[in-house]
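Structure first, then comments.
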Amino acid sequence: GHTIGIAHCNPSFTNRLYNFTGKGDIDPSLDSEYARVLKKKCKVPTDNTTI
């Protein structure tokens, strides 16, 4: 199972939202709606916000 915890908007995390394969795409394993919500929290790839 999975647990709920803390994530940081660091480069390895935001790459899954903004540039997964180097072509500006989202990691296809992420739910698209969840990715949309996360992108609101981690607005730019260099954001270090804790969510």
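Cβ coordinates come from backbone N, Cα and C, glycine included.
Positions annotated as heme b binding site by TrEMBL: His2.
According to TrEMBL, the feature Ca(2+) binding site maps to Thr3.
As annotated by TrEMBL, disulfide bond applies to Cys9-Cys42. Annotation note: Cys42 (disulfide bond) sits in a coil segment as assigned by DSSP. Taking the Cβ of Cys42 (disulfide bond) as centre and 10 Å as the limit, one finds 21 other Cβ atoms among all the protein chains shown.
Here the domain 'Plant heme peroxidase family profile' (1-51) has a mean pLDDT of 82 out of 100. For 1-51, the entry in TrEMBL reads domain 'Plant heme peroxidase family profile'.
The number of other Cβ atoms within 10 Å of the Cβ belonging to Cys9 (disulfide bond), over all protein chains shown, comes to 19.
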